[in-house]
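Colleague: Before anything else, here's the structure in question.
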Amino acid sequence: MGKDFKSGGGNAGGKPFNKGPGGPGGRPFNKGPGGPGGPGGKFGGGRPGGPGGKFGAKGPRGPKTIIVKHRLEGVFICKGQQEALVTKNFFPGESVYNEKRMSVEENGEKIEYRVWNPYRSKIAAAVVGGISDIHIKPGSKVLYLGGASGTTVSHVADIVGPTGVVYAVEFSHRSGRDLVNMAKKRTNVVPIIGDARKPQEYRFLVGMVDVVFADVAQPDQARIMGMNCQYFLKNGGHFLISIKACCIDSTNEPAVVFAAEVQKLKEEGLKPEQQLTLEPYERDHAMVLGSYRA
């Protein structure tokens, strides 16, 4: 359930994408029927059915893939055999983490999109769950704390596009290598191998940003967010923070932990405006959205 700090109203939790059906079997001409389709995957159809007999006709084709705009700018929904959240691929022809891609012809030009899996991305989970806004859109400048290997960073880069920039900070050198490799082709990503607790060490690399997102899973993450906002977030800018309850306090109920973290964010000079749980995609996680010096 979501929680709106302004009105007290909640946002309904998002429904997980349904598993798609397997592919149909082939239609026989002289011989027996083709094999049944495989089971559906997390985001849609499984393997197609087996072919018909020697002279068998092909099975019917699935529904045409259609891309429609999501209410959040720069985010899209793929409608076809299954429904999925997608972003427009900044570097067509290549996946980042073996995610599914699809091409759609738009105004005589083929545009490639990538599936944005809410089980692999907390921002995607928040979008599917009904968050009011993420304030990340084409042209945005984003500071991403806890970039890991770049799974979600790559989708944020898709959204902000060539006129935006994503400064991605990651402490782990192992994950950082993957992040750096991803950024070689996504030129709007600036990878920074550093400690998010020490923003002064990368202040010469990062400009003022529109949004700060943090997914650092540390007990002092509210303080980490506060420091980075003071250094880099524009007045009137926005922040998003993913809170993993057990990383803060494993002895308390998640709701109690979330409430305490919201209070800490307020003490850092931030203004929390909405809280959203990330079930069923992430257990005991919440996303908090807010503004800074608005």
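Positions of Cβ are set from backbone N, Cα and C atoms, glycine also.
Pulled the feature table from Swiss-Prot, pasting it below:
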type     : residues                                                                       : note
BINDING  : Thr151, Thr152, Glu170, Phe171, Asp195, Ala196, Asp215, Val216, Ala217, Gln218 : S-adenosyl-L-methionine binding site
COMPBIAS : 20-56                                                                          : compositional bias 'Gly residues'
MOD_RES  : Arg27                                                                          : asymmetric dimethylarginine
MOD_RES  : Arg47                                                                          : asymmetric dimethylarginine
MOD_RES  : Arg61                                                                          : asymmetric dimethylarginine
REGION   : 1-62                                                                           : region 'Disordered'
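Map the listed features onto the structure and describe their local environment.
Modeller: The DSSP secondary structure for Ala217 (S-adenosyl-L-methionine binding site) is coil.
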Colleague: Would you work out the biggest C-alpha to C-alpha distance among Thr151, Thr152, Glu170, Phe171, Asp195, Ala196, Asp215, Val216, Ala217, Gln218, the residues that bind S-adenosyl-L-methionine according to the record, and give it in angstrom as a whole number?
Modeller: 20
Colleague: Counting only residues 6+ away in sequence within the same chain, which have a CB under 8 Å from the CB of Thr151 (S-adenosyl-L-methionine binding site)?
Modeller: Val96, Tyr97, Arg120, Ser121
Colleague: Determine the most Cβ-crowded residue among the binding-site residues Glu170, Asp215, using a 10 Å radius around each Cβ and all protein chains in the structure.
Modeller: Glu170
Colleague: Does anything in the same chain, at least 6 positions from Ala217 (S-adenosyl-L-methionine binding site), have a Cβ under 8 Å from its Cβ, and if so what?
Modeller: Gly146, Ser242, Lys244, Cys247
